[in-house]
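Undergrad: According to TrEMBL, the protein has these features:
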- 1-148: domain 'UBC core' (DOMAIN)
- CYS85: active site, glycyl thioester intermediate (ACT_SITE)
- 151-187: region 'Disordered' (REGION)
- 171-187: compositional bias 'Basic and acidic residues' (COMPBIAS)
Amino acid sequence: MSSPSKRRDMDVMKLMMSDYTVEPINDGLNEFNVEFHGPKESPYEGGVWKVRVELPDAYPYKSPSIGFVNKIFHPNVDELSGSVCLDVINQSWSPMFDLLNVFEVFLPQLLLYPNPSDPLNGDAASLMMKDKAQYEQKVKEYCERYAKKEHINNTLSDESDDEVSENEAFSDGRSDSDDEVAGRADP
């Protein structure tokens, strides 16, 4: 049996050699960002997200930490932190899974089949249950506003990640630049 560090290195390399753009953080293989595209034939189609991955020292025996960096409107994704509520990652992770499973199966399935009965974003869950057409329209608006290639290219540094988090608290239509000024003035 191989050691966790060899397995981690192998899984990260496999992800890097696939069709995903992988951007290491701090020159290591424990933290990195992955460019993730919304699944075809879904309201998320055309969206591009930067997904932050943190691998624990005990990976693959412990699950990776997965979070969206740029905004996404989804019942099972916390709008402020980008944290993902997904049983297969959070509770039923197995060393049989690898990082490719996360990006080729688990995240696409999450976007295709949201679970509004176990929400991290109550507004998205409520809207999805009350008016699916309006929910899908809001998803598409978020994709246009926050999930384009230029949005993920503007969040390269940790400082930029913090700015995105500050801006995410506002969903009343104010511009991002207004939010940044207000967020920076208050320590």
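Including glycine, each Cβ sits where the backbone N, Cα and C put it.
For the listed features, I'd like the structural context: burial, neighbours, distances.
TA: Helix, strand and coil counts under DSSP for the domain 'UBC core' (1-148) come to 56 helix, 24 strand, 68 coil.
Residue environment of CYS85 (active site, glycyl thioester intermediate) contains 18 other Cβ atoms, counted within 10 Å of its Cβ in all protein chains.
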